[in-house]
Amino acid sequence: MQPSLSPRSPGPQRPPTPETDYPELPTSYPEEDYSPVGSFSDPDPASPLAAPPGWSCHIAADKQTLYTNQFTQEQWVRLEDQHGKPYFYNPEDSSVRWELPQVPIPAPRSVRKSSQDSDTPAQASPAEEKIKTLDKAGVLHRTKTVDKGRRLRKKHWNASWTVLEGGVLTFFKDSKTSAAGGLRQPSKLSTPEYTVELKGASLSWAPKDKSSKKNVLELRSRDGSEYLIQHDSEAIVSTWYKAIAEGIEELSADLLQREEGEPSSVDFGSSERLGSWREEDVRQNAASPSLNPGGLESDLSRVRHKLRKFLQRRPTLQSLREKGYIKDQVFGCALAELCERERSPVPRFVQQCIRTVEARGLDMDGLYRISGNLATIQKLRYKVDHDERLDLDDGRWEDVHVITGALKLFFRELPEPLFPFSHFHQFIAAIKLHDPAQRSRCVRDLVRTLPAPNHDTLRQLIQHLCRVIEHGEQNRMTVQNVAIVFGPTLLRPEMEEASMPMTMVFQNQVVELILQQCADIFPPH
């Protein structure tokens, strides 16, 4: 029905009571940040201040009871008919209805129920379950930087509808424009892009080197993944920080209580725990065996005794390495550690690659410039990391570009590049010198100050690349081409700088100068 009242002006006449209900869903997209404050409480339904989920209630200056939609800020006035029955009036469009409009909220995937208070807890209604597990929801910018321990090369910032409920943080794929329809029908919000379990996670403010954006949170999950979360509003980010941190703290406390309440395998490795078990065994041996005949404690004692004997017989990590059961990886290993482990001045894999390329590929067009098949390169990498008997003459590695690609990958994945971080700025300063003789002399002196594994490996690599350049008529690889390929791989800063394009030019020039002055920098033995 259409009451004959102007908007916002109920006037002296009381608005008519509604004849029927026409439930309406919100037509506008909700605010970017939603915290269901007050939605978890269960006030007395008979009280005039009892607010349904998604609504807040307060008394206005004119003693009227106002209900505010926490999503759309829409306001309704609570009135009573001549029989004392409450109904609601919207001064915005002069509409009336017996009940407040329902507020749709993204449905959680699961509801955690506790059986501590009673053996058969009462079943909550679907609407009540949805509200009670929702801690926070809103639009945030997020990106994933590490996937289960593997660092991702690029950051892809996206805005997504984010829901925190039941100890799980979910980033939905829905964009801001499509999430409005999903809120009208919560079942449509069922395509989460990332789901982060807060149990065992950690949260902190991201340092500047992680992102140049402001108000950035860094979330590390239990499986080794890392996420950056951002919003332009510092207040909104702060409320998210508080909500996520409280969720992590609550779950950590529950986990700690469970671990304290039951024996875990972690305790078995503790020398303190083993010591206490030794004392228990002495007391058990001295006591009469008839104290616990066939009881549960005797069974537990036998299990502990067997576990303790197994752990005491467990071989050390060093002995497993010596017997060859555990093999440390080659890719991603520190250069000095790898050379020491292999008892070689230059890693064996580098020597094998150089010998193979020089034996059958120096005249290959685009050597080191053309990429090999990535899947085959990864297979070769796996073979190197898990099998000492590497044969590069095997038919699987017949493509020379696969071998050169694997060699470049080895140098890229060094934790510290062949030119250590501590030498980066010194080499850049040296290459900027105007006097050619002084520039060459300075670069030569810096190369000679490199650690022995770095110096010896660089020597063998540069001498090999010079032989590649000697076949330039066949492979079309000039000094400049080789320097462009290897400059950013061998020489890079510890942290990205603002002038990276210009810095890359200097990196290439350093490698180019070393290639040109190879005989002077690395004189024959």
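Any Cβ shown, glycine's included, is placed from N, Cα and C.
Among the ranges 139-158, 259-278, 279-298, the stretch that TrEMBL annotates as region 'Disordered' is 279-298. Among the ranges 107-128, 173-194, the stretch that TrEMBL annotates as region 'Disordered' is 107-128. For the domain 'PH' (133-249), the model's pLDDT averages out at 78. Under DSSP, residues within the domain 'WW' (70-103) fall into helix, strand and coil as 0 helix, 14 strand, 20 coil. DSSP places the residues of the domain 'PH' (133-249) in helix, strand and coil in these numbers: 29 helix, 49 strand, 39 coil.
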